[in-house]
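A.B. asks: Let me begin by handing over the structure; questions about it come next.
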Amino acid sequence: MEAAGRALCARDPFNPLITTSTQAAGILVISHCFHLFLKQFGQPGPVAQILAGIVLGPSLLSRITKVNQFFIQSSTEDYYKVLRFIFRTIFMFLLGLEMDIPYMRRNLRKASIIASGGLIIGVLFGIVAFISLIILLRIKASFDYASFIIIVLANSASPVVFRLAAELKFLTSDTGRLAVCASLISEMSCVLLGSIVHSASWEYFGKGILLLLLTIALIVVNKYLAFWCNQRTRNQKYVTHAEFLVFLSLLLTAALVIEKYGYLSTASSFLFGLMFPREGKTTRSLLHKLSYATYNFILPVYFGCIGFQFDVSYMGSFNSFIMVIMMTFMSIASKIIGTLFACHYLKIPTDEGIVLGFLLDLKGNAEFHIMRNLPEDTLNPMDQENVENLVVSVVVMNTVIAGVVVAHILRKKEEYFSHSHTSLELGEHESELRMLACVYGSRHISSKIGLISAFSESLKTPVTAYLMHLVELPKKRTKKNLMYHQLQDGDQYSDEEDYGGNDVVEINDAVDAYTMETKVLIRQRKVVSSFERMYEDVCDSIEDLRVSIIFLTFHKRQRLDGKMESGKAGMRTTNHKILRHAPCSVGIFVDRGQTGFQQPSSQSVQNIAALFFGGSDDREALACCKMISNHPHIHLTLIHFQLSPSSSQTGYNNGTPHRDDELLMDMSSHEIEAEIDRAVVQDFYNRYVTPGQVGYVEKHVENGTQTAEALRDIHDTFSLLIVGKGGRGHSPMTAGMSDWEECPELGTVGDLLASSELNTNSSVLVIQQYRHSRNDLN
């Protein structure tokens with residue numbers, strides 16, 4: 001056999017390794033050129049990559065004899081087989097590792113119904129397609145062949161769905177996550193069906209049980225091995241290369257054993273990632289080292305290879321052309337019809353149902369493996385080649401059509417599918433609250449984790465928390481004069497890893513400790529940019545992550561003597577720009593260190609006060625307080641500032657002369673705001689104060705001087721004071737307070753609470769409600 005293999009390789013004019021590498025490089029270059037052109041029309045990367053494969057394959061360039069001899073050789077199939085196995089194993093593991101488990105658990109029923117709709121109609125259409133193939137192509141009928149055709153029509157390729165949703169910037173939306181969950185259920189069902197058909201004998205069934213036990217055993221081993229690595233590398237950003245290779249070797253070895261016995265390792269690879277521990281340096285290292293390679297090399301080459309297999313000459317005969325068109329139409333129709341029926345039952349809008357249907361129609365993963373593992377006696381060689389060409393043609397056409405249609409729908413219905421800019425006051429967030437906490441360094445991490453804890457452990461609805469490390473990009477950077485092998489683990493992958501210094505390790509350790517203690521997952525991000533452009537990256541992340549509120553860090557910090565001193569000027573500039581441009585509500589947190597707000601716990605019960613003067617920002621702050629009022633270790637008090645009866649008799653006047661109609665209109669607007677304030681406070685009082693869940697205090701003041709005195713009286717009673725930034729108009733209660741205002745981004749009240757003159761030990765959280773107009777930030 002070895003001699004025959006060497007003889008076979010000797011007959012090839014080129015080294016197969018060189019051929020395979022050149023093909024991958026060609027796909028990457030051509031797909032990049034296509035993507036530069038197609039992204040202007042909103043088309044995703046997978047479409048460009050498949051088109052690059054078509055251009056390089058036998059449909060175009062490989063029709064040239066010299067090119068064909070170079071790329072299409074008898075021995076290259078073995079290399080392609082190994083690459084496909086490695087690529088499929090890695091990206092299914094990574095898909096499991098990045099899976100949003102809480103969302104999947106909450107929406108398992110909904111995703112299962114949607115997947116079942118497409119599967120049932122796909123099975124019915126698959127039976128029709130199988131009969132048509134027998135008639136038109138005169139292919140021998142068999143049970144294995146029939147089940148394969150059914151799988152082709154019923155299957156959804158989850159990696160393709162995941163990547164397409166990520167490319168089109170709606171992976172974090174409910175529609176995108178639901179599509180990924182439904183495609184996983186659909187694909188795993190088809191893999192299970194293929195395994196059942198394959199293991200019709202007791203011998204194969206016994207092997208299947210043993211392989212299932214192997215999968216469970218490796219999941220347990222990974223759990224303990226990850227814990228050991230986390231403990232071993234306490235002072236490092238990532239685990240070492242050797243430890244990383246151990247995990248990768250275990251994954252590939254287990255997948256190889258599974259496929260050696262004729263089963264598809266897709267489900268096992270996904271389970272390895274899904275059940276992998278989420279906290280610690282091990283998971284962070286795997287995500288860091290696998291994500292870049294997968295999204296920039298593995299998946300583009302994988303999609304390109306699908307297009308490379310497509311041969312347009314196969315559609316030259318009338319019967320073949322009819323079968324490709326018919327199966328493509330049946331595949332699209334089965335998914336659209338089944339998904340729309342399921343969405344109608346679940347009361348999901350039709351537009352979302354159509355997008356889900358086209359996404360679930362994406363192919364290109366399990367079909368190829370099942371096709372290549374059909375029993376040899378199922379079809380004769382000629383029929384086998386016809387079926388392979390048919391399946392490749394259907395997969396390519398489905399993926400290209402679905403990608404183009406979904407991109408068109410999302411562009412046409414951009415307002416519907418984009419991030420909905422809703423304030424916390426207006427949105428009840430019954431399904432999910434998504435929040436983003438930003439830190440400039442490790443000194444800010446404890447307070448931000450405390451805020452995340454206050455929200456995530458109070459709400460009955462799920463909370464998705466993100467932590468973003470904002471790192472300044474220095475204008476000049478000195479390069480290390482070190483060889484590659486002299487660099488520390490992790491420094492070889494990205495220049496950004498040098499930024500952040502020891503803060504990165506301390507932030508990671510704090511997040512890991514919190515996750516280990518509470519099992520609440522905090523998803524970490526890093527932005528490395530100049531302060532002038534940092535706000536753009538933050539606002540883009542808000543859009544991509546669909547965040548409802550963002551918490552920033554005040555640019556001043558407290559010294560040991562209690563005075564506030566300014567940090568980097570760029571921090572304040574960034575905060576200003578984010579306040580103006582952020583597509584969500586914004587909170588600025590003034591940290592008082594150990595004397596201020598800490599993570600709520602049984603040993604550290606936090607007394608928090610909400611200061612309500614009136615206006616849109618104060619209502620937003622009160623909406624935040626509702627979300628933390630249920631925390632068992634938080635005592636919340638609402639302090640309602642009101643005008644004294646003598647002052648309230650005077651008319652509303654901001655000191656500027658108006659015409660009578662302008663004054664009436666202004667007063668009407670003021671009265672409407674006052675009525676909304678009264679309704680919000682009354683609702684809060686009835687729901688939280690009356691049952692004794694929240695304390696309530698009223699303070700009557702006449703002017704800004706009395707307000708300042710009242711704030712001085714309460715400043716040390718609470719660990720955290722929550723107040724709105726502005727939106728009160730020219731209220732008499734704050735009149736004159738802006739005369740000594742130092743930080744207008746905090747508003748009049750927030751500026752006083754954060755100043756050194758007040759000499760308070762309380763932390764301060766200033767909330768600005770999202771508004772479409774950012775012209776007035778005072």
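Here the Cβ of each residue, glycine as well, is placed from N, Cα and C on the backbone.
According to TrEMBL, the domain 'Cation/H+ exchanger transmembrane' annotation covers 33-412. Here TrEMBL flags 464-602 as domain 'Cation/H(+) antiporter central'. Marked as domain 'Cation/H(+) antiporter C-terminal' by TrEMBL: 608-771. Residues or ranges marked as transmembrane segment in TrEMBL: 113-139, 145-166, 178-198, 204-226, 238-255, 322-346, 390-410.
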A.B. asks: So what's the average pLDDT for the domain 'Cation/H(+) antiporter C-terminal' (608-771)?
C.D. replies: 81
A.B. asks: With a cut-off of 8 Å between Cβ atoms, can you find at least three pairs linking the transmembrane segment (145-166) to the transmembrane segment (322-346)? Only pairs 6 or more residues apart in sequence count.
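C.D. replies: Checked: the transmembrane segment (145-166) vs the transmembrane segment (322-346), in contact.
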A.B. asks: Cβ pairs under 8 Å only, please: of the recorded stretches 113-139, 204-226, 238-255, 322-346, which one is richest in them relative to the transmembrane segment (178-198)?
C.D. replies: 113-139
